[in-house]
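So the structure is just underneath, and the comments pick up after that.
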Amino acid sequence: MTSRAGAPGQRASGAWRWPALAMFAVGYGANQFVPLLAVYRHDLALSDASATAIFGVYAVGLVPGFLVGGPASDRYGRRRIMISFAAVSLLATVVLITGSWGPAGLYAGRLLTGVVSGTVFTVGTAWIKELSGRAPGAAARRAALALTAGFGVGPLVAGLLAQWAPLPTVLPYLLHLALGGTALALLPRAPETRPASSGGRWQLIPAAARTSRFRRVVAPMAPWVFGSVTLVFTTLPAHGVGPLPGIGVAFSGFLAAAALSAGLGGQRWGRHLLGSGDARAMVLGLAAVTTGVLAAALATARPGLLPVVAAALVLGVGYGVCLVGGLREVERLATPEQLGGLVAVYYSLAYSGLAIPFLLALAAPQVGYPPALLLVAAAALATGVIVSVQSRRNR
């Protein structure tokens, strides 16, 4: 069946809010797990290796979600794919509820959450672009806002509920089911923007991803998008502060929310750079990431609440500016037929940054966290120089 594309007037209206709400709900569900992991460590007596694997299996699910979801929506339409996977998001949350009885439910639920997230983030970003009219950078800001707000609110609410409310491994998920169900019910209000088509080649890697501008400017920056803010979820709570009896779970949720709130501020600031046609937003974002990692090195050398919060805020700003800057470049480079596929490649590269905290954890036992973080900061600085130089050479 061929879906009807929305009329131009519909595309320029507020219809983008419905896929944005779905992205918010899925992002909320993905990151609500951050503070809950501390609860599972205690209740299920998880080892460090098991806890890290449960957290990381999400990234395994992201890969097929990104690489298949975007091209599938280019071929079969945004609406059909988005509604289907927004529904699967609710199933993933139900599976996570069973994790109270054993780690198998956590592995399965996190893997399924990854598949859903990869698909919804990719398709939703492309759909918002097509529903946002022609205002330069508007779609990139809206998609980044939806994603970041969900990532930030989820751990904050889940952390508060898990710390002080009853049923800490059930109640947060029930709230997400209500949110996700509402988003799913409203999603059909958005018109289709890309009719289904049986013609054309299926391209996992679109031609735009092979341009020199994408390969030499966007691709080097992309891993720092989530590589930066993931340090706030993993390294800083564990190594930047001492024990926090009675508030540890809530604090980890607060720290994540603070960083992502700073990311929202960074996106608002970075919007003034998005219409320039150069890489200023990405370069300044990488400068903020470098500064934030240096602050994280200081926090791990001299643990305390103030240094940790300061590092989290600066890393959040870097995340926000890099995310929206990269999305704007994707908009500029992609043709309508390649938009979903190029968004998928961009997010795949961005999420590869989840390996940064893992590599840091491997190096830290040998040299300590402060020196290891200094190496990470040097790598971020070098990336900023490369992006700046290559942007001028590859307009």
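Placed from the backbone N, Cα and C atoms, the Cβ positions cover glycine too.
Per TrEMBL, the feature domain 'Major facilitator superfamily (MFS) profile' maps to 15-395. Marked as transmembrane segment by TrEMBL: 20-40, 52-69, 81-101, 107-128, 140-164, 170-187, 217-238, 244-267, 279-299, 305-327, 339-363, 369-389.
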Grab the same-chain neighbours of the transmembrane segment (107-128) for me: Cβ-Cβ under 8 Å, and only residues 6 or more beyond its ends, written as numbers and ranges.
16, 19-20, 22-23, 26-27, 29-30, 33, 53-55, 57-70, 73-74, 78-79, 81-82, 85-86, 88-89, 91-93, 95-96, 98-99, 139, 142-143, 146-147, 190, 193-194, 327, 339-340, 343-344, 347, 351
Taking all residues of the domain 'Major facilitator superfamily (MFS) profile' (15-395) together, what is their mean pLDDT?
90
Among the recorded stretches 81-101, 217-238, 244-267, 305-327, which has the greatest number of Cβ pairs closer than 8 Å to the transmembrane segment (279-299)?
305-327
So, do the transmembrane segment (52-69) and the transmembrane segment (339-363) meet, by the test of 3 or more Cβ pairs under 8 Å (sequence gap 6 or more)?
yes
Count the Cβ pairs between the transmembrane segment (170-187) and the transmembrane segment (81-101) that lie under 8 angstroms and are 6 or more residues apart in sequence, then report whether there are at least 3.
yes
Chain residues outside the transmembrane segment (140-164) and at least six past its termini with a C-beta under 8 angstroms from it:
16, 20-21, 23-36, 38-39, 121, 124-125, 128-129, 132, 171-172, 175-176, 229, 233, 247, 249-254, 256-257, 259-261, 263-264, 267-268, 271, 274, 319-320, 323-324, 327-328, 330-331
Name the range, of those listed as 81-101, 217-238, 339-363, 369-389, that has the largest tally of Cβ pairs under 8 Å with the transmembrane segment (305-327).
217-238
Using a Cβ cut-off of under 8 Å, list the residues of the same chain at least 6 residues beyond the transmembrane segment (217-238) that approach it.
31, 34, 55, 151, 155, 248, 251-252, 255-256, 259-260, 263, 279, 282, 285-286, 289, 292-293, 296, 299-300, 308, 311-312, 315-316, 318-319, 322-323, 325-326, 329-330, 333, 346, 349-357, 360-361, 369, 373, 380, 383, 386-387, 390-391, 394
Positions whose Cβ lies under 8 angstroms from the transmembrane segment (81-101), at least six residues beyond its ends:
19, 22, 25-26, 29, 33, 40, 43, 65, 69, 72-73, 108-110, 112-113, 115-116, 119-120, 123-124, 127, 169-170, 173, 176-177, 180-181, 183-184, 187-188
Are the transmembrane segment (339-363) and the transmembrane segment (244-267) close enough to be called in contact, which here means at least 3 C-beta pairs under 8 A that are separated by 6 or more residues?
no
